[in-house]
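Q: Dumping the structure here so I can ask a few things about it.
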Amino acid sequence: MKDYSHLHIGVLALQGAVSEHLRQIEQLGANASAIKTVSELTALDGLVLPGGESTTIGRLMRQYGFIEAIQDVAKQGKGIFGTCAGMILLAKQLENDPTVHLGLMDICVQRNAFGRQVDSFQTALEIEGFATTFPAVFIRAPHIAQVNHEKVQCLATFQGHVVLAKQQNLLACAFHPELTTDLRVMQHFLEMC
């Protein structure tokens, strides 16, 4: 396995699947920190925006001054990886919702696109560049409804909808790779940092 010990990756720890992301980062050999204050962002090589409740995370990001600080992290070219709610936070537009959180990625996201909590599922997903399928866990998952194909690279689709996409230093994922033992999506992110 490649050496990632030189990387310091933070996971925004306002709400959501923080410990699961930290575990995967550490399993890959990188340094991992739960980020609770804006000042902790400066030492990072990359940041994960975890799944959780996007409205709650967005409100807390505004309350604690994270919006502009994370936008600055992105402008510096540092990697940002949004999973599920994190994808919603990264989007420049939400379908049928005027709310914009970070507005960094040229995508329009539909929230809860695959149904409610009771409709959660796991599927074998083909991801560009992966030799075998990935065990993707979808929980109240969004999908990308519209994408600027000139700026955004679509890495995976499910039922005709984009569920994993990359734009320069940004990675957006509709499913929860942190809830599996498969480290390849997180490793892909570390390669971006």
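Heads up, the Cβ atoms here are built off N, Cα and C, so glycines get one too.
The structure displayed is predicted, hence computed values, not measured ones.
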Q: Of Arg62, Arg111, which does Swiss-Prot put in the L-glutamine site with Gly52, Glu53, Ser54, Ile139, Arg140?
A: Arg111
Q: Around the L-glutamine site formed by Gly52, Glu53, Ser54, Arg111, Ile139, Arg140, which additional residues qualify by having Cβ within 8 Å of the site's Cβ center?
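A: Result: Gly51, Cys84, Ala85, Ile88, Asn112, Pro142.
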